[in-house]
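**Student:** Questions regarding the structure given below will be posed in turn.
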């Protein structure tokens, strides 16, 4: 049933995000590093420095936004894919690869309603620590330089903002469109991702089915979700880099600003080279693989069916 699908998708998203959020934070910070002061050399270096400067919970900055909105996002994504697969199938026959891709395209298009504002807010909170640390480092370097004035003032402490404050400011200054900055880039990432992910997952999962009418074992669904998720994540990583840059409202020292997708693509290519489009690719693969592996296991096990079945018994 649709309620069961929505609950399953929501539970899957909550479990997955909690497990992999620190890696997602490292991905955002690595992708946003440009020609200014580079703070991190790798994912592990980013996480170690984050813990040292911001504490353990610094790795979970922006997690509240993600945990709040990932439930409707994952629910829409998984339920929409099932919806389109059902309506594209003919008399219960096996879907062709093209129809599987069309179903994935529909799911990716539907989810951006929630994904875009969620990513927009999450990125601001995730990257705030990097920008603050960069400013402190530049201020310290300026104080140590011979040309700096004696008795220079101490660098100001970071003022932490919340998702609610960012939302209010964006709504006040730009209206609802402020929360949907980077919508085109989000579509450019999520639609191809779903086109690759869902058909690949479905076909890998079928390999573990001994009988077409019996679900594959949970470990097959998990591994299929991991392989399909990491493959699709790496394939669309250039779009994710562009989306992250466009949705970042604050910039570090000597970092470029962008007017749109084409301008962003051109500047990254010219100033940072083609390899810049793969920034954070391994982090994204590490995030997406378990996230979708867990999501598919929860979705296919059907925790929601059990919970919904228990409700009438509880009332009796």
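Going from the start of the chain as shown, residues are counted 1 onward.
Placement of Cβ uses the backbone N, Cα and C atoms for every residue, glycine included.
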**Student:** Labelled transmembrane segment by TrEMBL, one stretch among 261-284, 285-308. Can you tell me which?
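**Tutor:** Within the set 261-284, 285-308, TrEMBL attaches transmembrane segment to 285-308.
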**Student:** Any idea what the model's mean pLDDT is for the repeat 'Solcar' (4-87)?
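**Tutor:** Mean per-residue confidence for the repeat 'Solcar' (4-87): 84 out of 100.
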**Student:** Go ahead and report the DSSP secondary structure tallies for the repeat 'Solcar' (216-305): helix first, then strand, then coil.
**Tutor:** 70 helix, 0 strand, 20 coil
